[in-house]
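According to TrEMBL, the protein carries these features:
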ACT_SITE  His320  active site, tele-AMP-histidine intermediate
BINDING   Gln104  ATP binding site
DOMAIN    13-338  domain 'RNA 3'-terminal phosphate cyclase'
DOMAIN    184-286  domain 'RNA 3'-terminal phosphate cyclase insert'
Amino acid sequence: MDGDRVEIDGGIMEGGGQILRVSTALSCLLGLPVRVRRIRAGRSQPGLRPQHLSGLEVIRDLCDGKLNGGEIGSTEITFTPGKIKGGTHIADTKTAGSVCLLMQVAMPCVLFAASPSELHLKGGTNAEMAPQIDYTVMVFKPIVEKFNFTFNCDIKRRGYYPQGGGEVVVQMSPVKELSPINLTERGTVTKIYGRAFVAGALPIKLAKDMSAAAVRCIRREIRDLYINIQPVREPDDKAVGTGSGIIIVAETSTGCLLAGSSLGKRGKNSDKVGIEAAEMLLQNLKHGGTVDDSLQDQLIIFMALAKGVSRVKSGPITLHTQTAIHFAEQLTKAKFTVTKSEEEDPGNDTYIIECQGMGLINPNL
């Protein structure tokens, strides 16, 4: 069997969970058995963490696959996919592990299932080192739907570090194939909006402080736009534990969405949280690209699967994006090129990511 198995080195480049997510999702989609070695080799706690394991388990269940080495701390897994099926699937990190990262691994697969799917994803909704669920709904969803599919994301409960306990239900129907996207025109920023939230034991005043600090920070650079960042207290029956954070989105005349976000934590001043998110947004606006740093790498797998040529203009290419491209090319017939964008002000660090997609066809439809 080893002759047909694709060997993946999980310790190179970004060297984290992303390699697992991209390679096992593509393994599932293409029917290619894979072995991933040296999983998270360079991390302080190498091997699988609960969140990576629950991602692998949901992929295994989606396609009746076989997973060997699937335990916490394991640094090598082999995965043999079966046929992707729709229906209801549950993935539970049992920690504050990110539900958004579970969605990243499962979503491309269920698009090519035989029937509609409902994913019940449990864990942290607003976690460090991962997109917040608000980002997924406000930025990722409208942009990724340009590949010609739609999904519904219902936030049942929010869950925060350390206990998690959040739940998100994602419903989607399969597609025959994905269309390519062309996101190369930034346009001008037409509005800026967002939400600053608190939950559990925290007072609404903190959300108001985050929002006000963020607005002040953005105002220094962008004076003439109305900025609407709503302070929100999450209802107690819709949130587990105590948490706070902010997300701010800039929308452009061509429909681009770029964001900045930050999470509160014990001992961190709420003004600082607001300013961090505002500075991240301004940084993402500065380079002139059509996507922000967080979206850049999340689009790669869809570009690889789509039929035709996709083009995305971005700021500097992140290590996550380079990693996603490397493994997408290793496993699919897609071909990526990254070129410096010439037409801009030479001071701008913008790039065009172009992909000749493999044009995966759903055999079930």
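Each Cβ is built from the backbone N, Cα and C atoms, and glycine gets one as well.
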> Which residue counts does DSSP give the domain 'RNA 3'-terminal phosphate cyclase insert' (184-286) for helix, strand and coil?
Replying inline: 38 helix, 37 strand, 28 coil
>> Averaged over the domain 'RNA 3'-terminal phosphate cyclase' (13-338), what pLDDT does the predicted model reach?
In response: 97
